[in-house]
Ligand SMILES: NC(=[NH2+])NCCC[C@H](N)C(=O)O
């Protein structure tokens, strides 16, 4: 008897969030383990479907670094990274576009649709969604110890987002699934970090939420314990005192930028946990780190 009442409690815990987030746009960056492991893939597709059926508007932006690396390797092309970003010559860019916009994108679309959704795959070229420019990267020259510009090829950053295609798809109840590829003013193709794209799209849509699925629990304090909520005002201090470090810094900054552009709340959560999205969105405590103006 108690068991069944507890089930009702779980559903009731979700009710305020179902009400609050109905008809709201939730942008989810999908990547890492959640995109590789079979159970996690299934769970993610089901989470998206559930969100859609109860009236939220999920928008998926995906990564695909390991998949790109594998295809390049099979082609006999070595991968090089500078500051975590793939050096992308034009030949590599072709592969990135084929793998991300083709195989990876369609696999995600297929998974969601197999579970009863209506997903549509896009790249930033479709409907002029992502206007990009070359990323200007600087580093320190090891000989002269002075800053210099490093050319990593067709790696881009977002210049602007034209969300018309996304709103059109949302109005017809489709679920957009977006490969992070941008197009330059002269038609060039750019490879863009998926977190950045997700953040910018969330900002342009004034989304209710931005959720970054990662392969870590969330932001951890110096004691190693998960920090459940962070007010964006505290972020500079947490970076300066070495609490937020390494690869977490760009992710947190991406959340801060999104909030400054009008996103209500952002979340960094553990994609290795089954149904991570549902647990974060529809429970009081969530499972990861929520960053907002609290
Ligand atoms: N990491 C956290 N503290 N998450 C809290 C989530 C609360 C609520 N479910 C929301 O999506 O807004």
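Cβ atoms here come from the backbone N, Cα and C positions, even for glycine.
Annotations in TrEMBL come from automatic prediction, not curation.
Annotated substrate-binding residues in TrEMBL are 64, 65, 191, and among 86, 220 the one listed with them is 86. Across the annotated binding residues for substrate (64, 65, 86, 191), the two most widely spaced Cα atoms sit 12 Å apart. Per-residue pLDDT, averaged over the domain 'Aspartate/glutamate/uridylate kinase' (24-270), rounds to 95. Residue 86 (substrate binding site) falls within a strand when secondary structure is assigned with DSSP.
Other residues of the same chain near the substrate site, with their Cβ within 8 Å of the Cβ centroid of 64, 65, 86, 191, are 63, 68, 69, 88, 96, 100.
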